[in-house]
Amino acid sequence: MGDTPGRGGAQRSCLKKPGLSENCERRPEGTTSTDSLAYGENLEEEEKNSAFTWEVKANNRTYNSQLKEKVFPCWQRKKYKGNIIHTAKYNFFSFLPLNLYEQFHRMSNLYFLFIIILQGIPEISTLPWFTLFAPFTCLLIIRATRDLADDIGRHRSDRTINNRPCQMLVGSSFLWRKWKDLCVGDLVCLHKDNIVPADVLLLASTEPSSLCYVETADIDGETNLKFRQAPMGTHQALTSERMMASFQGTVVCEEPNGQMHRFLGCLQWEGKKYSLDSGNILLRGCKIRNTDTCYGLVIYAGLDTKIMRNCGKIHLKRTKIDRLMNRLVILIFMSLVLISVALTLGFWDKVKELKAKHHYVSEKLMYSVPTESFFTFWGFLILLSVMVPMAMFVLTEFIYLGNSIFISWDRQMYYQPQDLPARARNTSLSDQLGQVAYIFSDKTGTLTQNTMTFRKCCINGLVYGPDEEETPPKENPYLWSKSADGKLLFQNARLLSAVRGNQDAMVREFWRLLALCHTVMVQEEDNQLSYQAASPDEEALVTAARNFGYVFAARTQDSITVTELGEERVYQVLAMMDFNSVRKRMSVLVRNPEGSIYLYTKGADTVIFDRLYKKGLTEGATEEALTSFAQQALRTLCLAYKQVDEDTYQEWCQRHQEASILLQNRAQALHQVYEEMEQNLQLLGATAIEDRLQDGILETIQCLKQGNIKVWVLTGDKQETAVNISFACQLLSEDMLILEEKEIVQILEAYWESNNNLLSGQGSLENRFPPQVKTAMVINGEFLDQLLPPLSKESQVLVGNVHVDGQEPGERRTDVRQARRTSLVWQTLGGQLRRPGLVPKNKHSNTRESPEARRERAFVELASRCQAVICCRVTPRQKALMVALVKKYQNVVTLAIGDGANDVNMIKTADIGVGLAGQEGMQVVQNSDYMLAQFHFLRRLLLVHGHWSYVRVCKFLRYFIYKTLASMMVQIWFAFYSGFSAQPLYEGWFLVLFNLLYTSLPVLYIGLFEQDVSAERSLELPQLYIAGQKDELFNYWVFLQAIAHGVATSLVNFFMTLCISQDTAGPLSDYQSFAVVVALSGLLSITMEVVLIIRYWTVLAALAIFLSICFYTATTWASQSSWLFTVSPKTFPFLYADRHVLSHPSTLLVVLLNVSLNSLLRLALPVIYQALQKPHSKEEETAEEIAAEPLPYLCRQSRARRSSYAFSHREGYADLITQGTGLRRSPGVNSNTPAGHTIPSRSRPRTRGRCHSWGGRGTHTVGRCPPRTRSPPPR
């Protein structure tokens, strides 16, 4: 939540709507809440374009419940939802059908189901139906159990949230109920530290003028306070519970939407209307702060609330390897069909030959030749179905589960302060952690701790930094000041000596300015001062001044009390010139106890230096200090002051009075008056505040960048703050060319005008963009809206099935503000894009692409060329849109990480969502795939666990495909010698147990424990991670290699054995002996391949191989025993086959020969391949490189110094103070608060007793010109 544009004129207090009265009140200037200021100039146009159809009557459930909305032509439902939320994917009735529907999106499952149906037909079945049905059922149950476990966690979270307690009005009193009991139109009572249960219209509070302070940490991750204010009518009238019970107001507003910072509506009550905006609304998820009690009316409940509208929907996430396997299953199935057709044709020919030569056996054929061929085709298809092994998919689930458990067990990702281990909430994405190319990160709470620390300062050209002492002082150096809190980490003995000496006027004015020029509120708790600031920056500065002896002690509407080195001084506040994003400064005009008038100003160096009286050596030294501060990524403010003579002040005060009562263009007039006063300043110095980064951020980001992972920052904060943090994180550097809005437009225009091609060719971004120039992009949400209008159909197609805007299917609502906004940027580009000659003509482009889609592609292409992209002031929907754009046009794996509820949509949209668990709440964690406690754990999650998982899964798949082909392709070769009769070569039990026992343990070891390098080496060499981004370890080429390797092994095993056994009467002369030798050769060749590919040898690896051989020996001995043969000769036909064959040494030599040839082939081919690759590599290295010419319009004048100004402050707090709106009355003054809710004395703000004659809203005494006197105000 940042600052807003300047304040406009008085705003209208009702909205035009057909059927509503046109009578409107004028809201006094000063009462307008801050969030509505951005819409002040365009309010009338919004009134005309908006359709306010959401009507809520307070304390009238009967009326609100009878309103219906049409869903289908013959079906209506209640218009207003209850406050129950459901973020889970399944319920009791939908789990089975929906989960099966999702599972059968995998082609492998459809394939297995098809084969099982074929196995159930006796005429064509070559294998019992249960041999595939049983493992297939287990596979479905395993996946369903995993999905159910994930969804149960969501149900528990929903149940916990829905059962939270809250006070709601029942009859004539507030009773404790649960959140799920709330309905639209109910009145709720909230207390300090309560979480707001729904989107609530603030009606009244115990604070002056019914202010309410909220913290939105669970929404946007920001911990600084924000204020909301009740309408004037309800603030003055609703002073008791009895009045609350009789309140019958009606709110007419816009339909529920996901725009977090926008609300427009109208309150109708007792014949009057009051305009409503986002400054009157308490959003669900906010926490009440510094407000004892407040009352509100529920406007939106449950899934209609803004935060739930921004949460999106849960989508099935699948990895790149999973999608590739989907395509490979289709490819394998088509190949099997072709092979089966070929073998069937061979069968047809053999049958004809058989009937011609042996007419006496034709009577045994039950069907005709075509019919037999038809059955044989399906028989071959069933027999070869093992080419897509069921065991591979079953073991994959255990491998995913195991790798997810290893993440939870990693002690180096355990965060001891909060007792939080890393946790994998989605167990099917572990391999994709090794393929991430883009990381989309929130800023506040994710990269930073949002904790401001006073680090350095420059006073009169002298820089004071922390003392560099090897041993810290034994006692706190600030204990000499009674009011010091002792929490200031900054220590400088030289500066402290200068302050205590009180001889340097510049040092004195420096700290005095920090104690006076701010909007901090002070309270006294247990005889200790407690500061409450809307900005963490201001709190850090005021706290620093407090520890240095300049203690901000109390404030009233027109005075500030400061204790300076033990002496209490009261300053009369003559004017406060508030901060905003345009002015980038704040000033306070005060009269000191001696009667002199001083102006104290703090702000950005870019605006302060332009308003200095002179620039000398001191100013030059301060600029050098600011340069140093900027290089250290510290947030800076410049401080300046001047003395104002009485006559000048009186003249200025008159102009200020006139400007403050204007009804039109008031903000511009006040800005001009402020500008006149803030001239000819004398520079005091500068402050440097550190927005503390999360631990290990720098090392993590640098390591990720070395791994070719791009980090984009998507934040709702303002641009200066985001850029400053990006420099601190080293995402941005001084030598980077930072592209802003103008440069982005120029680049895109130039490419379309000059090259007519965006994506390939000589004029493409890839070839023409200067590689030697590091670039970055800094944009904001408004520019993103203009560049990529989200309401266009093409933009909606961008996200495909990704539910970005939080709306329900079928809803077509238009954003009035964005529909009204016309993009001047694309008025020019859009016309150019529609010209026939400017349509991209390359293999990547789609000739049917709309101009909007081409502009999106161009923007993403440009952004992908940048080393970093910083998006500021973006909404949750815009965050999700950015992720969806990169996913669509770059076809890469994306990861989103955040800690606030505004990051949920982004996390759901990304391929991998990581939620940071912390003080902001657990909503983002409940919607994430992985939970971490700190951002720096992401380094180990990706580079170690992600890389290992990717290597393991790829090796597992390649080896499984190889061993399947190596063992099962002999069935095809055997068909040529069995009359194409679809007779199996192997013993039936060998086929059943081959994947279950004989080869499962080694392949399972590869999938769970294999490591190409150690964890330490993975972190030292992030470049190893690039292999996963490029899909080097498993792709179509690797798949073909595995097929070729498996086919070669099967050829050696089958034909070498056949050649040796041919025309001999030895031990290999019969069918069973031949089958045993081929099976044993295949099993040992596959085992030898495991020995060659395993790189991480442990006792488990040797044990897995040993047990596999033992399983084969034991089960073969049992299945070929005489006892089982006697029980069922058809089931166990291979009586003593292995024992007979292996008793001959010559047979063992055949097996040894087959295994040796296969191993030699495996070792020789990689060496030959590398030898052939070397000359080719040398030719590539000597190839002529085309130098890229830098684009002339990218060259900008370099600035001598980068401003590191960043100040998280919002406009409006100065008005609250100067009008007395934000100050509590002194004891004895009547307060319009509901009865029975008095404020405890321990938290009473410090105000001076003499000043309690001022009233509530609208009193504006600061702007009045006092008489021409220099007498100090009474003490």
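Any Cβ shown, glycine's included, is placed from N, Cα and C.
Marked as region 'Disordered' by TrEMBL: 1-39, 1218-1275. Under the heading domain 'P-type ATPase N-terminal', TrEMBL lists 57-132. The transmembrane segment feature in TrEMBL is assigned to 328-348, 375-401, 956-976, 988-1008, 1033-1056, 1071-1092, 1099-1118, 1148-1169. Residues or ranges marked as Mg(2+) binding site by TrEMBL: ASP442, THR444, ASP899, ASP903. The active site, 4-aspartylphosphate intermediate annotation in TrEMBL covers ASP442. Annotation source TrEMBL lists ATP binding site at ASP442, LYS443, THR444, GLU538, PHE579, LYS602, ARG635, THR715, GLY716, ASP717, ARG873, LYS879, ASN902, ASP903. Per TrEMBL, domain 'P-type ATPase C-terminal' is recorded for 925-1172.
Shown here: features listed in TrEMBL, placed on the structure.
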residue	record	CB count, 10 Å
ASP442	Mg(2+) binding site	28
THR444	Mg(2+) binding site	28
PHE579	ATP binding site	26
ARG635	ATP binding site	25
GLY716	ATP binding site	29
ARG873	ATP binding site	19
ASP899	Mg(2+) binding site	29
ASN902	ATP binding site	32
ASP903	Mg(2+) binding site	36
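With a cut-off of 8 Å on Cβ pairs spaced 6 or more residues apart, the transmembrane segment (375-401) and the transmembrane segment (988-1008) reach 3 or more such pairs and are scored as touching. Taking every listed stretch (328-348, 956-976, 1033-1056, 1071-1092, 1099-1118) in turn, the largest tally of C-beta pairs under 8 A with the transmembrane segment (1148-1169) is reached by 1071-1092.
Looking only at Cα atoms, ASP899 (Mg(2+) binding site) sits nearest to GLY716 among the binding-site residues PHE579, ARG635, GLY716, ARG873.
When the Cα of THR444 (Mg(2+) binding site) is compared against those of the binding-site residues PHE579, GLY716, ARG873, the shortest separation belongs to GLY716. Rounded to the nearest whole angstrom, the C-alpha distance between ARG873 (ATP binding site) and ASP903 (Mg(2+) binding site) is 13. It is 956-976 that, among the stretches 956-976, 1033-1056, 1099-1118, forms the most Cβ pairs under 8 Å with the transmembrane segment (1071-1092).
The separation of ASP442 (Mg(2+) binding site) from PHE579 (ATP binding site), Cα to Cα, is 25 Å. In the predicted structure, the domain 'P-type ATPase C-terminal' (925-1172) carries a mean pLDDT of 87. On a Cα basis, ASP442 (Mg(2+) binding site) lies 19 Å away from ARG635 (ATP binding site). For the pair GLY716 (ATP binding site) and ASP442 (Mg(2+) binding site), the C-alpha distance works out to 8 angstrom. Note on the domain 'P-type ATPase N-terminal' (57-132): DSSP counts are 31 helix, 10 strand, 35 coil.
ASN902 (ATP binding site) sits 9 Å from ASP442 (Mg(2+) binding site), taking the Cα positions as reference.
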